[in-house]
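The block underneath contains the structure these notes are about, expressed in structure tokens.
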């Protein structure tokens, strides 16, 4: 088919811009798009497949390297950005950069050439670094989810233990655990020569001790690197979204109360239930302040009320952006990693069927889908990240909130005493 394609393309098909294709003196089409369709019909689809794969890999590779390098430089050189969350983001960017540099070139070239040309030492090193980068990236995503849950849903307790030194210990542990956990790839990865009629082909393969070992290994990876982190992220971000939604509804009620207070007679809000966040802990005065006490603070509205309501609206918008971002994070994690983990588990139990169904372009695009996460993570976590204000970002005097998602209440004015 390839020889026929080489003969047919220069002899019978002529692409002339403006005049279309010609088959002898007879026009066949009016644009070069039809040449692509015709070439595919003649058996030349492989050339188009090569071009598409190379372009997609190159695009994702450049975006990943540029985005993660920028994140590493900004977070490492700017001391003002040395925070707990940014420490995890720096680790994530380093692991994604390692994945892009060690995974993508050594995956694309063998897929295009049909043989591994880099030797056995590179085979072991690349397989090991690939797995380490994937493991660290996954652990970093789970750590970020836990850190954000603690910071947003339990801000007072989290500030006791969420320090940069604690974050550095967690990051170092995740790298060390990944380096130890992925040692089997360095041990059992090797090159295998496959003789053919034309030439000998070399493949970088994982020669596990037994099929049972291979099956147990890939099930373990499915649990540790996909299922458990996926559950942790879904649960943490689900609880964060619920907390932000509850805080948003509460802020809307407070805004209505303030508006009614400005008009001289506010309709009292429904009493708050215990545990729903509708109270403020007084740092100096004992007891709690219920929400309906706001209506008794005085009569008439101050000129600052409008600014306070605008601040409340800005906080609500920020919380909605965060909820959208959290949904994107969970969706992208499952979209990028579910196919490759499914394929690896399938291979462990039925390698022949998996190879027949996925060899060539399908497995190449499945790998490409997992690599998309390396260029998506900088966009989602760094450039789209506008976290809702924490308690210390707002003008609070003498009060501390039980939930950071209810910071709107502290913007309504100075702390109020009992009626």
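Every residue gets a Cβ built from N, Cα and C, even glycine.
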Feature transmembrane segment in TrEMBL, mapped to one of the ranges 322-343, 388-409: 322-343
Range annotated as transmembrane segment in TrEMBL, from 191-215, 216-240, 241-265: 216-240
The annotated transmembrane segment range in TrEMBL, which must be one of 13-34, 167-188: 167-188
Which range of 297-318, 363-384 is transmembrane segment, per TrEMBL: 363-384
Among ranges 54-77, 270-293, whichever one TrEMBL labels transmembrane segment: 54-77
Candidates 54-77, 89-113, 363-384; stretch with most C-beta pairs under 8 Å toward the transmembrane segment (167-188): 89-113
Leading contact stretch, 89-113, 125-146, 322-343, 363-384 vs the transmembrane segment (216-240) - CB distance under 8 Å: 322-343
Leading contact stretch, 89-113, 322-343, 363-384 vs the transmembrane segment (125-146) - CB distance under 8 Å: 89-113
